[in-house]
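Down below is the structure, laid out as structure tokens.
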Amino acid sequence: MNINWYPGHMKKTKESIKKNLSLVDIVYELIDARIPCSSQNPEIDIILKNKPRLIIMNKSDLADDDISERWQKYFNFKGITSVLVDCISNRGLNEVVNLSYVLTEEKRLQLAKKGIKNRPIRAMIVGIPNVGKSTLINSLSRKKGAKVSNKPGVTKKDQWIRIRKDLELLDTPGILWPKFEDKEVGLNLAFTGAIKDELLDIETLVIKLIERLSFISKACLEERYNIVVSNKSAYEILLEIGKKRGCVIRGGEIDTEKASNIVLDEFRKGIIGKITLEFPNF
Ligand code: G4P
């Protein structure tokens, strides 16, 4: 995964998405339910214009259910339909299909007026790296994954996957870039694994993560590691977790790198809890 986007890179991706936009009736905008704001593309409204759009809040198995509901209300208030999905258990996939029919009703009526009936709805997925685009394509198509032959105006390498008799999905997702300017956004992307770990100093990252978790999800942290968090610095908490988990090197010193990797891995897998890092202003 390459998260280093440059102006040229952004322009190229935008153009490729724009080209594919003209082929589809609806766009599935995939975001990470744990960081709904940070995982959105800053220019998404401009890129998608008035194309019917469904926000798919993926990885909902890892997010706080109550906060996910608040995010859905927030999107609803903004006039955008959203759905909670978990590609691992396939939660929400039927809803994606059903909402696709609802959101494209106008287009289907227009086609019917022109005498075009039974033309399948065409959809494409867009989203930032690692948000689950390929997994969603696989999960949606596993049900009925037959490929559809190429159509006029579609280059050879573009393939359509038939999801149902009347719904087709472009098999090439549109890769969008996240916001880079905001430090908080960068941290959220790093916490959730959207930025390659090799690019990061894991201990510094985990200190920041513990700071955040002590604030928004203290009980989860205390319960998972059987520790008391209050009145301790994030570094002290990390040392305590390391001690509890036997991350000790010769001389009794705590191996903070090992402890950091445990915390990060357990956070990303949802073992510390179902935790959402961003809240809607709503
Ligand atoms: P992308 O095409 O948008 O880049 O993402 P991709 O489908 O490759 O998914 C990235 C990671 O997210 C994968 O984990 C995938 O299994 C996981 N994932 C996708 N959807 C869900 C979901 O709904 N819930 C959970 N819990 N995980 C999901 P991975 O193969 O382990 O990759 P990585 O995390 O090591 O990069």
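Cβ from N, Cα, C; glycine included.
Site annotation (TrEMBL): GTP is bound by Asn58, Lys59, Ser60, Asp61, Asn130, Val131, Gly132, Lys133, Ser134, Thr135, and the candidate from Gly79, Gly115, Gly174 recorded at this site is Gly174. Proximity of the binding-site residues (Ser60, Gly132, Ser134) to ligand 1: a Cβ under 6 Å from the molecule is found for Gly132, Ser134. The sparsest Cβ neighbourhood within 10 Å, among the listed binding-site residues (Asn58, Ser60), is found at Ser60.
According to its DSSP assignment, Asn130 (GTP binding site) is coil.
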